[in-house]
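What follows is one structure encoded as structure tokens, with my remarks underneath.
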Amino acid sequence: MSVLINKDTKVICQGFTGSQGTFHSEQAIAYGTKMVGGVTPGKGGTTHLGLPVFNTVKEAVEATGAEASVIYVPAPFCKDSILEAAFGGIKLIVCITEGIPTLDMLDAKVKCDELGVRLIGPNCPGVITPGECKIGIMPGHIHLPGKVGIVSRSGTLTYEAVKQTTDAGFGQSTCVGIGGDPIPGSNFIDILKLFQEDPQTEAIVMIGEIGGSAEEEAAAFIKANVTKPVVSYIAGVTAPPGKRMGHAGAIISGGKGTADEKFAALQDAGVKTVRSLADIGKALAELTGWEVKKA
């Protein structure tokens, strides 16, 4: 088992023939992802990377039976792309793009929720079930099929947690980057719920960052609902208030959203927190009693 995606998930790409869409689709195909086609308006009827190109998502879904779509489209057009996928019959939308206007995302998220469509992102690395399916921009080779579910607001910090769990021999069930924007399509709680219900996931790593209250809300959810061991790291311990730290959502405002507040909430929920990213693998081993693979 895994969450969201597996080896049978049929995936299309919106923005398929663009440079980003082309590069990352090639990587996904090489990884073994079941890519079945792509969408670029005006190029329908042609082929690209040996796969059919369609003018619309609806046509692509009807012809291929696609269930998931990954979006590599410039920010001003992302809202339309997300809505087209949602109304076109796609059940899982993964939007990688950064810089989408907040009001656009608000609208897109509400529509996806109404339609029962799962949206991951934007401004995220995507989703991967190691050895089976890769939807997004993460490096496939650092992943190992295994038993740790990873959910994160940061892309590169996810890769660090992945590398440590791979090196330790624990591996990952599924890794989900929820993105660093103020309005994510799916939040920590949405993904924690899936990991809690997934029999393959035996432990969870949650990587948060300063800004907003997503981690505090996740802590309350963990305290009430999650029985699996959880290790967490919060980025931005030394961040000054009022300064945006990379992501649009990573800002301490009105004295709220500091790393210390988040660490405290998580510790209160029984989560094992680490102050250094380098300690994630070690903390997992301590919490679970798993044996670390010798290098």
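Keep in mind that glycine also has a Cβ here, set from the backbone N, Cα and C atoms.
Binding of CoA is attributed by Swiss-Prot to THR17, GLY18, SER19, GLN20, ILE96, THR97, GLU98, and the same site annotation extends, among LYS43, LYS58, LYS134, LYS147, to LYS43. Non-local neighbourhood of THR17 (CoA binding site): GLY38, THR40, LYS43, HIS48, VAL53, each in the same chain, at least six residues away, with C-beta under 8 Å from its C-beta. Using HIS247 (active site, tele-phosphohistidine intermediate) as the reference Cα, a 10 A cut-off selects GLU98 from the binding-site residues GLN20, THR97, GLU98.
Taking the Cα atom of each, TYR159 (substrate binding site) and THR97 (CoA binding site) are about 18 angstrom apart.
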